[in-house]
Amino acid sequence: AISSSPPAEAMPSFKVSLLDYGAGNVRSVRNAILANGYEIEDIESPEQIEQAKVLVFPGVGSYGSAMSVLKDKGYIEPLRKYLKNHDRPFLGICLGMQTLFESSAETNDDETIPGLGVIPGHVIKFDETKMAVPHIGWNGRTLHQESPVLSYVAPDDDVYFVHSYYAPLIPQNSEWVLTSTTYEGQRFVSSVQRGCVVAAQFHPEKSGVTGLNFLKGFLESIENDKLGTATHLTVHTNVPTQLVKRVVVALDVRTNDDGDLVVTKGDQYDVRENEKEGVVTGRGGVRNLGKPVALAGRYYKEGADEIAFLNITSFRQGVIEDMPMLQVLEQASKSIFVPLTVGGGIRSYTDPDSGTTYSALEVAARYFRAGADKVSIGSDAVKAAEAYLGSGKVKSGETSIETISKVYGVQAVVISIDPKRVYVQSREEVDPKHVVVELDAEGPGGERFCWYQCTVKGGREAKDICAVTVAKAAEALGAGEIMLNCIDMDGQGKGFDHPLMKAVSEAVTIPVIASSGAGKEAHFTGVFKETGVQAALAAGMFHRKEVEIEAVKEDMRSNGIPARKGPKIS
């Protein structure tokens with residue numbers, strides 16, 4: 001059961017009415033409100049919208065799905081009535097802000113989808129020819145109004161965005177704009193306020209202490225009757241804001257030989273201790289580097305920009321029955337307010353005991369409701385890519401990538417690719433369907449080239465398809481991000497595979513996360529300088545405390561690579 005009451009302290013004078021329409025991770029919004037000391041009442045009928053004292057609408061997923069659900073539940077007209085005079089406290093988050101505009105182009109059809117029509121303007125898509133889409137990560141804000149909502153937020157604190165569509169600034173909506181943000185030269189509305197109606201394109205519940213402080217300012221200003229006192233600045237800066245490079249920490253989670261859920265780390269995907277750890281003969285036990293929730297909490301406090309839980313044993317069982325992993329997410333989301341990705345077993349499957357079949361969409365939904373913001377699809381993505389190419393690039397609409405992104409948006413779908421190098425002396429000896437990459441150092445036999453062969457089932461089975469091809473197919477099917485691993489580099493601490501990262505990031509327009517091989521601070525700086533990846537991920541070096549997250553960010557900054565700004569967590 002989800003708690004709707006904050007810790008026992010002095011209770012505020014109102015309850016927050018939460019409009020949870022059943023899509024995506026609303027648990028984190030709930031936890032962020034509770035962390036600020038406010039009680040929650042769930043909206044379950046149109047009448048409750050009309051009676052609400054404070055209404056929070058955390059829109060998650062795709063615009064079309066959201067508006068369809070609002071219409072089916074009879075919420076559209078009550079929402080318009082609630083918002084009409086701008087005198088009733090309202091906070092919209094992400095899609096909850098976009099729905100306030102007249103329409104959105106986020107649809108599979110050529111027609112736009114009508115919104116609530118409260119704010120003039122139309123939501124449109126970022127230009128994929130000029131930038132990576134979605135806009136994912138931490139960015140700044142340019143202030144257009146002074147507002148009590150921002151009382152506890154420093155002007156240069158970064159906040160977390162994840163969206164493919166945006167609301168442009170136009171003269172007709174200028175009186176609404178609270179802040180704006182720039183992404184690759186494109187300025188857009190990042191938050192609005194008029195009277196008591198407030199909304200943000202960014203996710204306060206995923207923006208760490210800065211986001212919690214944004215919510216604190218909103219809720220306290222209602223308590224103090226100051227919410228509607230925002231004033232426009234006569235002059236505001238047009239200096240562009242900057243999307244920073246993300247430092248992601250991965251936790252490979254599995255059961256050990258005693259049945260306990262632990263964080264482990266592979267050595268070229270082998271998670272059992274070997275001779276490097278003093279095992280004399282045979283294979284040792286599963287490496288135990290700590291408990292998942294405790295470690296994730298540590299990384300949140302140390303400044304991780306995102307945390308990924310990778311369930312590396314879920315291919316043996318279904319997510320629906322995987323209660324320990326779901327409980328990890330539920331517990332982590334109570335106190336960790338940065339994005340959480342979960343991977344492992346995101347696929348359709350039939351339970352062998354009950355005979356019940358679950359779709360990939362149902363599996364993903366269970367993870368989202370437990371606290372995940374994004375799901376990472378591995379083996380099933382390779383299967384989907386093979387089917388897509390085999391059909392002559394015809395979309396079936398039934399793959400896990402397509403079904404999940406249609407409901408939750410492309411930004412919720414991460415594709416995890418696990419390739420290994422196949423060394424060759426020349427491009428000509430490789431099937432033309434594979435992308436051959438020139439290496440930055442010779443292979444073990446003096447080879448100058450290789451192609452990256454995808455594997456499935458945790459690296460145990462190789463497929464006749466390359467990493468670049470899978471990445472491009474996954475993007476076409478609706479993926480929003482690529483987590484790019486390399487079996488050859490995994491656990492070696494010698495740096496990321498730059499030729500692989502460069503080849504894939506140049507082949508797709510969606511963001512790429514570099515993974516596998518980090519062993520020191522300079523490896524992050526190097527991959528950001530030399531390739532087009534937007535984020536880089538490490539595990540073992542952080543688990544073993546060989547390198548601190550802040551040390552990585554300091555090295556980045558000293559080399560001109562932007563890193564997240566914001567208050568430290570005590």
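Placement of Cβ uses the backbone N, Cα and C atoms for every residue, glycine included.
Per TrEMBL, domain 'Glutamine amidotransferase' is recorded for 18-209. If you look up TrEMBL, you'll see Cys94, His203, Glu205 marked as active site, for GATase activity. What TrEMBL lists as L-glutamine binding site is Cys94. Under the heading active site, TrEMBL lists Asp252, Asp418. The feature substrate binding site is assigned by TrEMBL to Gly345, Asn485.
Between the CA atoms of Asp252 (active site) and Asp418 (active site) there is a gap of 14 Å. The recorded positions near Asp418 (active site), taking a 10 angstroms Cα-Cα threshold over the set Cys94, His203, Glu205, Gly345, amount to none. Its own atom aside, the Cβ of Gly345 (substrate binding site) has 26 Cβ atoms within 10 angstroms in the protein chains shown. Gly345 (substrate binding site) sits 26 Å from Glu205 (active site, for GATase activity), taking the CA atoms of both as reference points. Annotated pair Asn485 (substrate binding site) and Glu205 (active site, for GATase activity), C-alpha to C-alpha distance, rounded: 28 Å. Of the listed active-site residues Glu205, Asp252, Asp418, the Cβ environment within 10 Å is emptiest of other Cβ atoms at Asp252. On the 0 to 100 pLDDT scale, the model's mean across the domain 'Glutamine amidotransferase' (18-209) is 94. A distance of 6 Å separates the Cα atom of Cys94 (active site, for GATase activity) from that of His203 (active site, for GATase activity). Listed in sequence order, Ile93, Cys94, Val159, Tyr160, Phe161, Val162, Gly211, Pro339 are the same-chain residues six or more apart from His203 (active site, for GATase activity) with CB atoms under 8 A from its CB.
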